[in-house]
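A.B. asks: Structure incoming, see below.
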């Protein structure tokens, strides 16, 4: 489908239709959902840390524990509100710390565990037992374990949630085809943390989050709102800064999805965040202004704040059903455009981007479905070499 066949007014009509709905639906989150409050946040962070210090850790439950930690940062009331606002019928289970006794080698031992419906006390105890084995090994090797290598380091939970931020961007594929990219990116941005913790295995943790988001889609809504809240909070640790960068890259693509002229209002579509618009600068400006009307939380976050940074490579999106707004801006410059732009900043950013693409020689004109007039306009504005124009 050519980009020029998609009309913005179709999108606006659908937006009006969706906005006029008088009814809502209720989804079920299951029998019970654990909603931990701030008071158990430290314990959940420590549980994350136990998994991180455990050599060859079993990360089957890491995604779930990471999400419980995220909820504890939001707080019980806000977590429940997020779920209800998203249309979920919530049966909330409060979470407390309790003492659990277990016989180990003929000796009764006491453990502090959380009253979770989603994670048994036995599993929590097993995580602690395995982490103690690794901790003893660390003591032998180091003599003394520095705070940043311990299981109770305050950034343990956020380290795990950094991988969740990478996974959330890949859910749109409907499978786990993005896993390789997640692993590669995690190995890069979390390289210092990987040196700290032998149990920080990006592949296993990413698979655990894939599992959680696939089985419990309501947690996607929770995570997105957590990410917004976390990223908008000033200060914080180095890892919190890394998380904000990773999450905003995903969120910035646009929570409101314009795809094949259809508007999908759902936080689950942030990772799809692609705009298909008419290949004319006028249309691009209309979409830009439409995004401004909806506001930052409705999507296009980074486009509203930094248009130039949003202009991604056209060659990454050969299918016109997935051209991001910034690409459309660039295409508007390369295509035929007459008149004075209504948004000079956006026009200048798009023009600079298009010219940079030309200078780097990475524009593949064969995927643009350009008319003869548009090709002529490209020659006039960008002066490409003949061999750059592939038909």
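Any Cβ shown, glycine's included, is placed from N, Cα and C.
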A.B. asks: From the ranges 338-364, 365-391, grab the one Swiss-Prot calls region 'Interaction with the phosphoprotein'.
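C.D. replies: Going through 338-364, 365-391 one by one, Swiss-Prot gives region 'Interaction with the phosphoprotein' for 338-364.
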A.B. asks: With every protein chain in view, what's the tally of Cβ atoms within 10 Å of the Cβ of residue 38 (phosphotyrosine), excluding that atom itself?
C.D. replies: 11
A.B. asks: Quick one: what's DSSP say for residue 38 (phosphotyrosine), helix, strand or coil?
C.D. replies: helix
